[in-house]
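For reference, the structure discussed in these notes is given below.
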Amino acid sequence: MSASDNMIPAPAVRSKPLIIRHLPYFIGAAVLVALAAGMQFDGYILNILLQATTFSIAVFGLSVVLGLCGQINLAQAAFFGFGAYAVGLGTADLHLNFWLCLVGGCAITLVAGAVLGMSTLRLGGHYLAMVTISFQQIVTLVMINAIWLTHGPDGVANIRRPELFQSSQSYLAFCVAMLAIVGYLVWHLPDTKLGRAMRAVRDNELAAGVNGIDVFRTKVSAFGLCALLGGLAGGLFAGGFAYVSPDQFSFAESIQFLTMSLLGGVASPIGSVIGTGLLILIPEWLRFLKSVPGLYLAIYGLSVILIIRFMPDGIWGFVSDAFTRMRAHSKAPPVAGALQLKPATSGGDVVLEVTGLSKHFGGLKAVDGVDIAVKRGSVHALIGPNGSGKTTTLNVLSGLYKATSGKIVLDGTDITNMAPHQRTAAGLGRTFQNIRLFRSMTALENVEIGAERPGNTMIGKGDDALTERAMEALTFVGLGSRANELISSFSYGHQRLIEIARALASNPTLLLLDEPAAGLNSTEKLELHELLKRIAAQGLTILIIDHDMTLVSEAAQHITVLNFGRRIADGESMAVLRHPDVVSAYLGSE
Amino acid sequence: MDLVLQLLFTGIGIGAVYALVALGFVLIFRATNVVNFAQGEFSMVAAYLMVVCVELGLPYWLSFVIALAGMALLGVIFNLGVYYPLRHRTYLPVIIATIGASILLSNSVLAIYGPQPQVLQGWFDTPGIQLGPVYLDSQYLLIIGVTILLVLFNFWFFEKTLLGKKLQATSQDKEMASLLGISVSTMIMITFIYSAVLGGLAGILVAPVLFVSIQMGSTIALKAFAATIIGGFGDVAGAIVGGLALGVIETFGAAYISVPYKDGFAFLVLIAFLVFRPQGIFGERVAEKA
């Protein structure tokens, strides 16, 4: 922190290696493991601790898929069961080595989770919820009915533990160690590239795709990871209790995992442990509830409704929110150098060449045979009255819509059939008319996601280089000093600037700006104009859509005019604006 | 051939129940953009209400009226307690809350009534009629008849009445509807009541065919949801065709392939559709506007 404390303009401080920064965590974990191994618990306490430990690992999975990535999984008990049956059947029936079964179980759940995810994750969350319920039901059906494999309702007994951890006490210590390791990884995940991608997908799928994130793969990874953690937890659980039966992996158990996750706080592994601990202990204290079948599950159901209503971030979310709010202002962002834009070039004169581009919605020809050629290093404007097809054109260019026909070539690469994230990797950057930022993140984190674009040659290796690049971009738009604030604390105009910074950080070859002046006041418009000049001065090619004729005529050298989906004029700015067709399109003809 | 006809009849009968519940799903989805995961529990609660009333010695028709009135009340409570407080949040919290409600409803009934499945008499004293080679069970005939009537009613209600058109307007564009003086919250309330009654009706109709049990809700809901996906999500005709198709597939699957895995066929068909034709039979691909 010394450099920023002295306010000497210098590159961001190199941070200490993670392992040293997180030393207190590992010391704490080691103490817990030693306690688990050394303290003499009676059998009842031991069982509760063992259950809490293994369940927590399964609930970590939910904090990844639901908390980080915003996707629902109502079959965690099924994945838990996969791991448990792998260890159970493997060690009891096939007499295989415990470790082999545990790893095998994890592999099976990972594959099952990924396959299930791949079949559904392209679609919305409702499908996923129902499909995971269905999957859960079918797994239960198989566990009960495929007696030749699973022993049916009788379950699997005599499950063995590894040689090393034969006593319950040592096995508990082993499970606590696993909990600490997995917990560390899950805790650290949000700050990794994959974790940031997951959060971006949760906050805004469209924007995530346009910033170079493969949305589908990110979701499948989150889902697979969740299943994997479920499988691992199940394997450990089976070893701990030596007996498993289908009712331990029913839909009700999946709901229990969900409740644990929600109660503690879905966004953090600490919340998972709190929620799991509470929901294992509370029913033990209130044992009388279990004498009436259904009563305690009914209470779970009610708690789910109440938690969602009154405490959406769970217990830990509530606590940590207050904590971050206190801390957010005290932490000064590092001071950054000047932003360098070095748009990639294949040497051609034209950066973007669009030929015969059409987009039809049923019978409506929103864009109809449009040609656009954007020259390297120029500011090119696309204008037209409302409903002329400007934004549709931009959406086809960035891949949110599939072109009905036509061809799009970006700097020599045909991107017509690419997914949004691939176009971004190929060098496209864009902003949205209705701002699409990742709302649960800070300005800096938003811009970091932009900087992380695959193929960005302007960042070095490691998190420090990433932060540095993002800080440069934020400073470039004038918001460097507020980098660590949450998006919600910025004004509309500033949010627009953050979106531009996010695109700039990725060092695009072509920047698409969708009505950047919309909703800005006159001062902000002037600032925007200045910003555009500074961007253009670094040689970045810009394609801009806007209604503001002053901005367009002053900023752009070249204008293409659309009306009713067709190109009605194209050429040097002043000439185009005087073109009779353009005048009549805007003002009506006599 | 005789067996095939017989199975077809049974399949359509059971499919009609899925269709009714699926209709309830679709109506709520169109009004609120949220899938109500407690839709199946509406059927289950209605069936239990019916059992309770009949056991009290009330006439069958009165029990029926009371059960449906109870469902209307449940629809109101459900809307006020589960959906309404969360209406400005994203769909995920709402889904989770409806799942919570589903768990709450089914387990409350379990706590009150115990796990023993109950039997509900059919509406008619005559068990059925023999028509050529096919035996037509009277309860299935009733189910099919009521479903046809309801489909016609739905069409008339949504296309021909002002209230129906207001409901449609609300489901298509809430902001615009409210600017036109339609009370959006009233429309949503009506939708919840209507779909709770529809779900309840399905439960009461199917109860004499199945046992009345705690699980009947989730089983029916799962299949009804599969039906909506097969038919095309959010499409009224799709829900009905999907429901009927699923009932037939399942009945034939149980007869020719495997009885214990009967409930699994819906899932397999669902997955097949999700992979090969996620927009369903009638649906169109939906994409978010940028």
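Numbers here mean position along the shown chain, with the first residue as 1.
Backbone N, Cα and C define each Cβ position, glycine as well.
Annotated in TrEMBL:
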type	residues	note
TRANSMEM	B:6-29	transmembrane segment
TRANSMEM	B:64-84	transmembrane segment
TRANSMEM	B:91-113	transmembrane segment
TRANSMEM	B:140-158	transmembrane segment
TRANSMEM	B:179-198	transmembrane segment
TRANSMEM	B:237-259	transmembrane segment
TRANSMEM	B:265-282	transmembrane segment
Return the stretch with the most CB pairs under 8 A relative to the transmembrane segment (B:64-84), choosing among B:91-113, B:140-158, B:237-259. B:91-113
Which one of these stretches, B:6-29, B:91-113, B:140-158, B:237-259, has the most C-beta pairs shorter than 8 Å to the transmembrane segment (B:265-282)? B:237-259
Using Cβ atoms only, state whether the transmembrane segment (B:237-259) and the transmembrane segment (B:6-29) have three or more pairs under 8 Å that are 6 or more apart in sequence. yes
Report, as numbers and ranges, every residue of the chain located at least six residues beyond the transmembrane segment (B:91-113) whose Cβ falls under 8 Å of a Cβ in that stretch; write 'none' if there are none. 32-38, 40-41, 44-45, 48, 78, 81-83, 214-215, 217-218, 221
Residue numbers, six or more beyond the limits of the transmembrane segment (B:140-158), whose CB comes under 8 Å of its CB atoms: 9-10, 12-14, 16-17, 19-20, 23, 122-124, 128, 164-165, 167-168, 198, 201, 205-206, 209, 236, 240
